[in-house]
Amino acid sequence: MSAQREIRTFGVWDYLVFAGMLFMSAAIGVYYAFRRGGQQTKEDFLIGGRKMTAVPVALSLTSSFMSAITILGIPSEIYRFGAIFSLYAFSYIVTVIVTAEIFLPVFYKLGVTSTYEYLELRFNKRIRLCGTVLFIFQTILYTGVVIYAPALAMNQVTRLNLWGTIIATGVVCIFCSSMGGFKAVVWIHVFQAGIKLAGFLAVIIQGTVVQGGISNVLNDSYHGGRLNFWDFNPNPLQRYTFWTVIIGGSLTYITIFGINPTQVQRYNSCKSRFHAKMSLYINLIGCWAILASTTLCGLVLYSRYHDCDPWTAKKVSAPDQLIPYLAMDILQDYPGLLGLFLACVYSATLSTVSASINTLAAVTISDLIQPHFPSVSEKTWLCKVTSLLYGSLAIGMAAMTSLMGGLLQVVLSIFGVIGGPLLGLFSLGILVPFANSMGAFVGLTTGFAISLWVGIGAQLYPPLPERSLPLSLIIDGCNLTNFSQQRNWTLTTGASFSPNAFQVHNEERTPLMDNWYSLSFMYFSTVGTLVTVFVGIIASLLTESSKSNDKTKVKMAGNGVSCSR
């Protein structure tokens with residue numbers, strides 16, 4: 001089969017296309033660094049002066065959502081577990097409605113740079129500090145994963161040194177975010193949205209053509225069990241079911257769109273609440289388009305290799321390398337298209353990481369520096385130095401990412417373990433009027449401890465295949481005469497990294513491992529949120545007298561927010 005032909009790497013046109021994307025991204029950062037004298041105030045640098053409109057902000061939300069994790073991780077999940085992942089289309093609806101109607105009115109009315117400012121208004125400074133520290137830890141972990149993903153792809157298609165590409169990726173992201181501030185980040189997202197769409201469509205269209213049309217792709221997927229859109233099994237241990245995706249997926253993405261400062265910072269930059277809400281609803285259309293594209297890409301991937309799985313045949317060392325392998329296989333005869341695909345992956349990383357670094361700087365200055373050094377916190381140079389610091393930390397965190405499991409699972413687990421308790425904390429403040437600071441602290445601590453327990457346990461003792469239910473992959477159609485050549489190619493492209501280097505092997509399975517640690521990672525956020533809210537309510541009722549110690553009460557009032565001191 002054609003998949004067995006020799007795989008080439010980058011050519012001159014590929015390098016030119018890729019370099020052009022990097023140049024344009026950097027040029028936008030430089031332009032906004034010096035436009036009209038540069039970013040004059042902290043507000044200009046961090047939230048664009050609250051003058052943005054709905055469409056560019058929506059494109060920014062969608063662009064940052066389409067990270068390299070999305071491009072590399074979702075198709076490989078569909079390749080291994082089927083199209084049931086596409087049920088996320090319903091989760092996105094729940095996420096956007098809850099965010100637009102519950103969380104956005106609170107944060108936009110208050111005009112906060114960091115969502116954690118709300119926690120001090122509602123509870124006290126200690127609760128705000130707890131939330132800020134957890135968010136910083138979560139975002140550094142996430143940013144490390146996002147930096148590692150394209151470095152892995154570039155290492156595969158160019159055979160450049162993996163760690164060199166990790167450092168180069170981090171440096172470019174730091175430059176884009178620290179030079180031009182928030183407006184540069186937004187308009188870089190708008191530019192890169194086109195690059196990502198073009199690169200991803202190139203793989204989908206050419207893959208469909210090579211396979212003889214969409215009917216052949218769907219036929220191969222159907223006979224391979226990949227069109228498994230519905231599974232109503234209520235078992236919480238199964239990796240993907242209707243319930244794990246709708247319930248677990250919705251709560252996971254509410255932690256991202258509803259309370260995560262990276263996204264809140266975007267819709268708070270809009271010039272009116274109407275524009276802010278519209279940016280979220282327009283973004284919903286973008287999320288659906290991304291999900292449809294990644295689902296189709298996963299089915300094309302399966303159709304191409306349905307009888308010769310590159311992962312089983314050791315042609316790639318991890319499932320997250322399957323999409324770069326497919327791109328090299330089907331695009332190599334078209335000069336520049338392989339470079340366009342890598343530009344697509346890198347654009348996804350630049351947009352996501354630049355947004356994360358910018359938000360980390362905003363949160364650090366607003367929550368940690370401004371309360372103690374108000375005069376220093378207004379300096380724009382501090383924003384740039386803080387961005388540089390977090391970018392450097394993210395590069396270091398990328399090294400740890402290489403030791404973890406599949407990229408998508410790692411990211412959703414991070415947002416579940418840390419984001420779930422934080423969502424529970426904000427839900428207590430907004431939805432439970434009698435919740436007090438003691439209840440919030442006890443609930444957050446307990447929720448984080450429980451979710452961290454299951455998250456670490458799942459890394460050390462992953463569920464058995466009969467729990468996660470991966471679909472069959474075969475190599476009956478492989479040309480075994482080329483097997484040794486392909487194996488040698490794999491070893492030069494980073495095969496030394498284990499899918500999960502933290503996994504404990506040769507350990508006798510216990511009921512704890514086969515049940516609690518085997519909980520679907522989609523439910524990590526659900527566990528953290530529910531435990532935080534439940535324990536927070538109980539603790540607030542038991543310590544009701546301490547409500548008088550709360551400095552400020554902030555609660556929902558109709559469509560706005562009322563503050564009573």
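Heads up, the Cβ atoms here are built off N, Cα and C, so glycines get one too.
What TrEMBL lists as transmembrane segment is 12-34, 81-108, 129-150, 162-185, 197-218, 240-259, 280-302, 336-369, 381-404, 410-432, 439-461, 521-543 (among others).
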Surrounding residues of the transmembrane segment (410-432) on its own chain - C-beta under 8 Å, 6+ positions past either end: 69, 73, 102-103, 106, 115, 118-119, 122-123, 127, 131, 134-135, 137-138, 141-142, 145-146, 248, 251-252, 254-256, 258-260, 401, 404, 439-440, 443-444, 447-448, 451-452, 454-455, 458-459, 521-533, 536-537, 540, 554-556
Long-range environment of the transmembrane segment (197-218) - Cβ separation under 8 angstroms, sequence gap at least 6: 2, 71, 227, 293-294, 296-297, 299-301, 303-304, 323, 326-327, 330-331, 334, 337, 340-345, 347
Interface present between the transmembrane segment (336-369) and the transmembrane segment (129-150) (three or more C-beta pairs under 8 A): yes
